[in-house]
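One structure below.
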Amino acid sequence: MSYAYRFKYIIIGDTGVGKSCLLLKFTDKRFQAVHDLTIGVEFGAKTITIDNKPIKLQIWDTAGQESFRSVTRSYYRGRAGTLLVYDITRRETFNHLASWLEEARQHASENMTTMLIGNKCDLEDKRTVSTEEGEQFAREHGLIFMEASAKTAHNVEEAFVETAATIYKRIQDGVVDEANEPGITPGPFGGKDASSSQQRRGCCG
């Protein structure tokens, strides 16, 4: 299937926060309560629609273990979007966010769009991180923020789509130069030049 743009994502965060579950729910609409730990990097893809244009998302799901961090670092380069995930029932995963974010910004493009996801919001009775704390962290660091549940699918699609919509808007607004961002690839009938030429043709009949 052809696309207007291809955006590359990376999912990061501590082990066990539900990164692989979020990806599986988004791409396959499936939830696995017991999921093998990611060894290195896993991959998923899905095409969504933004502004009536097909956008292909290629998503790399990374291992959270310290022993794989060097592998993860090499995948930051050439990513247009990052999903930074913590578990609302495990405060230590929230406390580690600053370290993950610093590493991402050190190795990735300065124009990378980052979505902060507080996962497992279906476990409200076990919550140890408040929604307000997540909102404050996102605000302080210039991130988008959502709480989600890979189990119930709450905000899973929305998180991936909102990240893409933000990247797309930044391209259209000229904040991000698609030609100089390896994580963004105009498709066969995509890109700003294509959309503007289509508009010109439309105006001329």
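Glycine residues also receive a Cβ, built from the backbone N, Cα and C atoms like all the rest.
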(request) Have a look at 35-43, 53-61, 98-106, 152-160 and point to the one annotated motif 'Effector region' in Swiss-Prot. (result) 35-43
(request) Under 8 Å Cβ to Cβ from Ala150 (GTP binding site), same chain, six or more residues apart: give me those in sequence order, or none if nothing qualifies. (result) Gly18, Cys21, Leu22, Leu24, Lys25, Phe31, Asn119, Lys120, Val156
(request) Check the motif 'Effector region' (35-43) for me and report the mean pLDDT. (result) 59
(request) Specify the count of other C-beta atoms within 10 Å of the C-beta of Gly13 (GTP binding site). (result) 25
